[in-house]
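Trainee: For reference, the structure I am asking about is given below.
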Amino acid sequence: MYQPGILVRRKRVWKPWTVALITVALLLALAVLIGLLVYFLVYDEKTHYYQASFWIPSINYSSDLSKEQSKFRTGLKQKISNEIDVIFQRSSLKHHYVKSQVVNFRPSNDGVKADVLIKFQIPRKNAGTLKRQADNILQEKLQSSQSILKRDASLPYLREMNAAQAEHILNSDCGSGMEYPPIARIADGKPADKASWPWQSSLQVEGIHLCGASLIGSQWLVTSAHCFDNYKNPKLWTVSFGRTLSSPLTTRKVESIIVHENYASHKHDDDIAVVKLSSPVLFSENLHRVCLPDATFQVLPKSKVFVTGWGALKANGPFPNSLQEVEIEIISNDVCNQVNVYGGAISSGMICAGFLTGKLDACEGDSGGPLVISDNRNKWYLLGIVSWGIDCGKENKPGIYTRVTHYRDWIKSKTSI
């Protein structure tokens, strides 16, 4: 029988190069630890939000300042933001200043008052000091005769605000999506970038995507009426927000569904509905509303527009997990009503968009989703709602969309938006 071996312990002798290697490794680890400690003590920055109120004696309050898309309001907001940008970008806080945004105008006995939200990135240990610096910088610069802004003495100057509430306010303006993006597609296409289309939502039954929709207020969506042909009970529906279906930013239950009174499932007219969420969403960079155009808003044939959704990538094709986008063109109703296209089926409440050559188009599952256009300020407006078509990307069969301007008064009557 074999006997087990005898364990003999030997004294380990470290070679010089091994000792040197271990020493270097320990010194490197110590250096990294010290570096991290210094970073978190000195450079670790936190976002801080401050609300400031200003008095503008040179401007009289007008009702246009309460109208979201009025030129007077948008122009004055931009002028104020530009002045605050210049003040901080030319100051000792230029590396900490992020942005400012006017959130409200108020009437005053002798002018206008403006509430502004200002965003900074500040090292944690210096927050109090830099807040005082910001206060002093504003006071000094606003004393200049060149400034249209004066301090509103009736309120504390810089009031700190909760981050979530501040982001909600900063993103409360409608239609701020990405910069005009490059060509992409739904059919045959490319996924949309994160935060490209923050108003896009998914209408789902039992967790399955059925239709798209557009966020037009913190508690309201607009979509196609035909999405509810088979499932009319609001309790069956949930709404998902975010670029991917599998990992949404947030979800909401549906409180109510209002379908246009004249809609009938056997025809395409009046294919519009609004959906009220069970509770409001909190706006953020990745989740906020699209602008609704005035009823008089005009768009010309050949104008570039975008349609987005989680519909099929091609006729009878697979459905994506990530939001898709496609750039197409407006086609006049006269062209779309030609015999070889839709032969007179396009009414004044519809928009025709795509290409007569086919290929680029919305598809099954995109119903209810947005057709949007950008203005020269990079504000995105909801022109249409994916409604119907023949196949996907078929020659002489572009997509047909519910014309939002035609139903603008109806939307307002149901949502007060």
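Placement of Cβ uses the backbone N, Cα and C atoms for every residue, glycine included.
In case it helps, Swiss-Prot gives these features for our protein:
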type     : residues      : note
ACT_SITE : His226        : active site, charge relay system
ACT_SITE : Asp271        : active site, charge relay system
ACT_SITE : Ser367        : active site, charge relay system
DISULFID : Cys211-Cys227 : disulfide bond
DISULFID : Cys336-Cys352 : disulfide bond
DISULFID : Cys363-Cys392 : disulfide bond
DOMAIN   : 46-165        : domain 'SEA'
DOMAIN   : 186-416       : domain 'Peptidase S1'
CARBOHYD : Asn60         : N-linked glycosylation site
TOPO_DOM : 1-21          : topological domain 'Cytoplasmic'
TOPO_DOM : 43-417        : topological domain 'Extracellular'
TRANSMEM : 22-42         : transmembrane segment
Trainee: If you draw a 10 Å sphere around the Cβ of Cys352 (disulfide bond), how many other Cβ atoms fall inside it, taking every protein chain shown into account?
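Mentor: Its Cβ shell of radius 10 Å holds 25 other Cβ atoms.
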Trainee: For Cys211 (disulfide bond), which residues in the same chain are close in space, meaning a Cβ under 8 Å from its Cβ, but six or more apart along the sequence?
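Mentor: Long-range Cβ contacts: Ser202, Leu203, Thr223, Ser224, Cys227, Gly365, Ser367, Gly368, Gly369.
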Trainee: Which has the fewest other CB atoms in a 10 Å radius around its CB: Asn60, His226, Cys392, the listed recorded positions?
Mentor: Asn60
Trainee: For Asn60 (N-linked glycosylation site), what is the secondary structure by DSSP, using just helix, strand and coil?
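Mentor: Assignment for Asn60 (N-linked glycosylation site) reads coil.
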Trainee: Do you see any of the recorded positions Asn60, Asp271, Cys336, Cys352, Cys363, Cys392 whose C-alpha is within 10 Å of His226 (active site, charge relay system), and which ones?
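Mentor: Hits: Asp271.
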Trainee: For the C-alpha pair, I'd like the distance in angstrom between Cys352 (disulfide bond) and the residue listed as 'N-linked glycosylation site', rounded off.
Mentor: 44
Trainee: Might you list, by sequence position, any residue in that chain lying six or more from Asp271 (active site, charge relay system) with a Cβ less than 8 Å away from its Cβ?
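Mentor: Listed in sequence order, they are Ser224, Ala225, His226, His260, Tyr263, Ile385, Ser387, Trp388, Thr402.
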Trainee: Measuring CB to CB from Cys336 (disulfide bond), give everything in the same chain under 8 Å that is also at least six residues away in sequence.
Mentor: Tyr342, Ile346, Cys352, Pro398, Ile400
Trainee: Let's see if you can do this one: DSSP helix, strand and coil counts over the domain 'SEA' (46-165), in that order.
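Mentor: Counts, helix then strand then coil: 45 helix, 41 strand, 34 coil.
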Trainee: Please give the average pLDDT for the domain 'Peptidase S1' (186-416) in this predicted model.
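Mentor: That region's mean pLDDT is 93.
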Trainee: Taking the Cβ of Ser367 (active site, charge relay system) as centre, how many other Cβ atoms lie within 10 Å?
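Mentor: Excluding its own Cβ, Ser367 (active site, charge relay system) sees 25 Cβ atoms within 10 Å.
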Trainee: Rounded to a whole number, how many Å is the Cα of Cys392 (disulfide bond) away from the Cα of the residue listed as 'N-linked glycosylation site'?
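Mentor: Pair distance, Cα basis, whole Å: 54 Å.
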